[in-house]
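Novice: Pasting the relevant annotations from Swiss-Prot:
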TRANSMEM  34-54  transmembrane segment
TRANSMEM  57-77  transmembrane segment
TRANSMEM  108-128  transmembrane segment
TRANSMEM  152-172  transmembrane segment
TRANSMEM  176-196  transmembrane segment
TRANSMEM  221-241  transmembrane segment
TRANSMEM  245-265  transmembrane segment
TRANSMEM  279-299  transmembrane segment
C-alpha cells in the first residue's frame, strides 16, 4: 500500500527478451484470437457487400491486417486503463500488466507502435478512408474508460469494433451509403449482445469493484434484454439483405445464425460464468455464418 492507502502495482519484473516478447504476445491477446475474429467478420461482411464480390486484394489485406493490429492495440489500452482493477478480478488477475510482467510505460509504447503500423496501412487507401480512421482511433482509445462512467460500455464497444464497416465501404466505393450504416447498426447491436454475455461472466466482480456494464444494468432481465438485442440485430440484417437484394444464400446464412444464437441462450440460461463465456465465444460462428451467406449470395449474382 502507498502512504495514501492506494494499492501499488508490482514493478515490471526482470525478464529475458524471449520471456518479454511472450508477455507482449499475451498482452495483445495473441493467444486468444476470438476478439480478432469478432472484429474480422463484420469487416469482411462490409468488404464483400461494398465490392459486390471479392474485394481488391490489397484492400482485403490492409483491412485484415488492420483488424489484428487495432484489436491488439485495443486490448493493450484496455489493460492499461484497468491496470488497477484487473489484479482483483479472477478472470484478469494473470494479465501481464496486472502481474507486473509488463509496465504501464511499455504497454503505452506497444499501443502506439500498433496504431502507427495500422495507420501506415490506411495511408495506402483513399482520403475518405484515412479521414474515417481518425474517429476510429478515438473510439478504440476511449472505450476502456467508459465502464467507469456509464452502464453502456458494450454499446460503445460495438461502435468501436464496427468502425471498420464504414471504412470498408469508403475504401471500396469512395463513399459510405445507407447500406453501410445499416450494417454498422447491426454490428453495434450484435457486439452489445455478445459483450453482454462477457460482462455477465464478470458481473459479481464488477459490482464489487464499482465498474459498470450492461449486465449490471439489465440485472434479472438480462436474458430478456439479450433476446431484444439479437432480435433487433436480425431485423437490421433483414433490412441489409433487402436493400442489397441478396439471394437465398444470405437468408440461409441468417437462419443458421439464428439457430446458433438460440443455442447460446440454451447454454447460458442459468447465467453461470462458464456457460456465459462459452456463449460469448460462440458468436464467432454467428459471424462466420453471416459472412458465408453474404459471400455466396454476391458470388452467385
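Positions of Cβ are set from backbone N, Cα and C atoms, glycine also.
From a predicted model like this one, the values you see are computed outputs, not experimental measurements.
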Novice: So which residues does the transmembrane segment (221-241) touch in its own chain, when a touch means Cβ under 8 Å and the partner is 6 or more beyond its ends?
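Specialist: Answer is 49, 179, 182-183, 185-186, 189-190, 192-193, 196-197, 200, 214-215, 250-251, 254, 257-258, 261, 265, 268-269, 271, 290.
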Novice: For the transmembrane segment (176-196), name the stretch out of 34-54, 57-77, 108-128, 245-265 with the most CB-CB pairs under 8 Å.
Specialist: 34-54
Novice: Should the transmembrane segment (57-77) and the transmembrane segment (152-172) be scored as in contact, given a threshold of at least 3 Cβ pairs under 8 Å and pairs 6 or more apart?
Specialist: yes
Novice: Which residues of the same chain, at least 6 past either end of the transmembrane segment (245-265), have a Cβ under 8 Å from a Cβ in it?
Specialist: 197, 223, 226-227, 230, 234, 237-238, 279, 282-283, 285-286, 289-294, 296-298, 300-301
Novice: Using a Cβ cut-off of under 8 Å, list the residues of the same chain at least 6 residues beyond the transmembrane segment (152-172) that approach it.
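Specialist: Distal contacts: 38-39, 42-43, 45-47, 49-51, 55-56, 59, 62-63, 66-67, 70, 74, 122, 125-126, 128-129, 132-133, 135-136, 139-140, 142-143, 146, 179-181, 183-184, 187-192, 195-196, 199, 212-214, 217.
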Novice: In the same chain, who gets a Cβ under 8 Å from the transmembrane segment (279-299) while lying at least 6 residues past its ends?
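Specialist: Apart from its flanks, the transmembrane segment (279-299) reaches 34, 37-38, 40-42, 44-45, 48-49, 51-54, 190, 194-195, 197-198, 201, 237, 246-254, 256-257, 260-261, 263-265, 267-268.
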